[in-house]
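Over in TrEMBL, the protein carries these features:
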- A:7-79: domain 'Glycine transporter' (DOMAIN)
- A:95-166: domain 'Glycine transporter' (DOMAIN)
- A:6-22: transmembrane segment (TRANSMEM)
- A:29-48: transmembrane segment (TRANSMEM)
- A:60-80: transmembrane segment (TRANSMEM)
- A:92-112: transmembrane segment (TRANSMEM)
- A:118-140: transmembrane segment (TRANSMEM)
- A:152-170: transmembrane segment (TRANSMEM)
Amino acid sequence: MSDAFALMNVIGLLAFAIVGSLKGAEADLDLFGVAVLGVLTALGGGIVRDTLVGRVPLALRATTDVLVVLLGVALALVLIRRFGDLREHPLVVLPDAVGLAAFAATGASVGYEAGLTPFGIVVLATLTAVGGGSLCDLLLTRVPVVLREDFYATPAVVGGVVFWIAVSIAIPVGTATLGCAGAALVLRLLALRRGWRLPTV
Amino acid sequence: MSDAFALMNVIGLLAFAIVGSLKGAEADLDLFGVAVLGVLTALGGGIVRDTLVGRVPLALRATTDVLVVLLGVALALVLIRRFGDLREHPLVVLPDAVGLAAFAATGASVGYEAGLTPFGIVVLATLTAVGGGSLCDLLLTRVPVVLREDFYATPAVVGGVVFWIAVSIAIPVGTATLGCAGAALVLRLLALRRGWRLPTV
Amino acid sequence: MSDAFALMNVIGLLAFAIVGSLKGAEADLDLFGVAVLGVLTALGGGIVRDTLVGRVPLALRATTDVLVVLLGVALALVLIRRFGDLREHPLVVLPDAVGLAAFAATGASVGYEAGLTPFGIVVLATLTAVGGGSLCDLLLTRVPVVLREDFYATPAVVGGVVFWIAVSIAIPVGTATLGCAGAALVLRLLALRRGWRLPTV
């Protein structure tokens with residue numbers, strides 16, 4: 001894994017942990033609930049990804065990511081007392097976009113290594129990127145935001161497609177992973193800047 | 001897998017994809033959300049089934065079923081613009097009953113091959129048949145219809161029991177699978193025709 | 001598994017099955033729904049535990065636990081007609097605390113055998129103890145009680161930590177498992193008696 005990509009992953013874990021914790025605090029959960037939502041937002045997508053390809057989730061087998069996530073939860077507890085709900089602030093929204101891109105890329109590459117079909121690769125990229133946040137929405141009994149008029153899952157889908165096209169034309173997996181992350185990130189930032197939405201039926 | 005059974009499976013995938021998409025459209029999801037609900041209704045039960053017995057989900061490893069499902073989603077998008085919500089129409093309800101029966105049968109036979117107990121076989125038949133639709137209900141934050149006064153899961157349970165009795169008395173698995181599907185289908189059609197409901201406590 | 005621990009496990013399965021069934025009846029589910037909630041409350045945590053470490057769930061492979069749970073569901077159906085909702089009654093609350101402790105202990109020991117990190121062991125202890133009840137809350141579209149101001153998950157977390165400390169200092173796994181169950185039970189009973197709650201943020 002290249003250094004650039006490892007950095008994106010850490011930024012994403014921090015951002016997702018903060019977003020999840022803020023969501024839990026806003027829903028009046030207790031301390032345990034807030035921590036669960038932070039951890040689940042950051043690690044849930046990867047846990048779903050690993051479970052689907054038959055691996056024991058990395059989050060339960062390795063410690064580094066977990067420490068980053070717990071740091072994110074602690075940070076959120078400090079931030080919320082000083083600044084309130086920062087989920088719309090660029091300092092949260094931009095790292096969150098980085099995480100979306102990084103997680104889509106790990107999902108695509110894990111799916112590829114597990115021998116999935118193109119459809120499977122795109123599904124895994126998307127679930128890894130939006131699965132954690134969606135599980136949190138479900139725990140709070142809300143319809144996952146990604147299903148409703150928001151251009152959030154689409155960059156992950158497009159990232160998965162980019163990855164699959166890249167490996168189909170014999171581009172090395174490492175490069176394809178970066179291409180996936182790059183495409184998802186650019187698309188998410190454009191969507192944020194221009195207020196893109198998908199049409200309803 | 002016999003031709004009759006393969007045909008039932010395709011009919012079921014199409015019907016479930018259409019039902020899920022219509023459900024998503026009625027809940028005002030965006031295009032991505034509608035597609036997710038169609039795909040999840042059709043493939044979700046099988047994904048749960050495979051995950052529980054430790055297989056990478058077939059839906060992520062093989063392409064045929066996925067193409068049928070995407071066709072179903074596309075068909076639903078056309079249908080809804082012309083006819084509105086068709087979920088109560090016999091042209092949707094009858095294929096849906098066929099799918100319920102076919103999916104219960106694949107669940108029972110996968111459970112049997114994985115060496116599950118009779119209870120495990122019945123659980124897997126039921127989850128495969130109603131799991132996709134129930135996951136969709138959860139995403140829409142609704143109590144799954146199958147838990148509330150509707151004779152929908154019961155045919156799958158009975159199909160699982162029929163399968164288990166059949167293999168216990170040394171009937172070949174292929175015949176037991178057809179017996180499971182037949183029992184579930186007949187029971188579901190009778191329930192529809194007569195308006196059967198389970199009692200509440 | 002020691003006799004004391006096996007007894008705790010049976011008490012827990014019965015109590016969880018009763019609690020889940022009562023929850024389903026109170027939500028006006030039909031008979032199938034009530035049975036599903038009873039079974040899921042008792043077996044759901046173990047199913048999540050086994051799926052995460054890549055095992056086919058014990059509940060689908062072995063029959064003893066299932067029979068205990070079905071007995072619990074039947075018992076609940078009798079109880080509810082005679083006494084109404086007994087979920088706050090000491091005869092339900094105390095065995096429920098025993099189950100919480102026993103399930104946290106099996107989660108911790110399964111996580112340890114699967115080679116998880118300390119974080120993974122604590123997560124598995126907690127999910128095994130509170131996963132079934134939380135899945136039921138989700139099926140009823142309620143925010144899981146454990147996320148909101150209730151000292152219910154915390155004893156499982158502490159039990160997981162106790163287990164991990166014990167094995168770290170070379171205490172045998174069997175003893176560590178009993179220590180985990182004991183710590184969780186004592187803490188839960190104290191929380192019940194004193195009305196402890198976690199603070200909100």
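Cβ coordinates are placed from backbone N, Cα and C, and glycine is handled just like the others.
Long-range contacts of the transmembrane segment (A:152-170) within its own chain (CB-CB distance under 8 A, at least 6 residues past either end) are made by residues 100-101, 103-105, 107-109, 112, 118, 121-126, 128-130, 145-146, 176-177, 179-181, 183-185, 187-188, 191, 198. Confidence in the domain 'Glycine transporter' (A:7-79), given as mean pLDDT, stands at 93.
Of the recorded ranges A:6-22, A:29-48, A:92-112, the transmembrane segment (A:118-140) has the largest number of C-beta contacts under 8 angstroms with A:29-48. Across A:6-22, A:60-80, A:92-112, the stretch most heavily in contact with the transmembrane segment (A:29-48), judged by Cβ pairs under 8 Å, is A:6-22.
Same-chain residues lying 6 or more positions outside the transmembrane segment (A:6-22) and placing a CB less than 8 Å from one of its CB atoms are 34-35, 37-43, 65, 68-73, 75-77, 79-80, 85-87, 92, 95-96, 98-103, 105-106, 132-133, 136, 181.
Across the domain 'Glycine transporter' (A:7-79), the DSSP tally of helix, strand and coil residues reads 62 helix, 1 strand, 10 coil.
The residues of the domain 'Glycine transporter' (A:95-166), classed with DSSP into helix (H, G, I), strand (E, B) and coil, number 58 helix, 0 strand, 14 coil.
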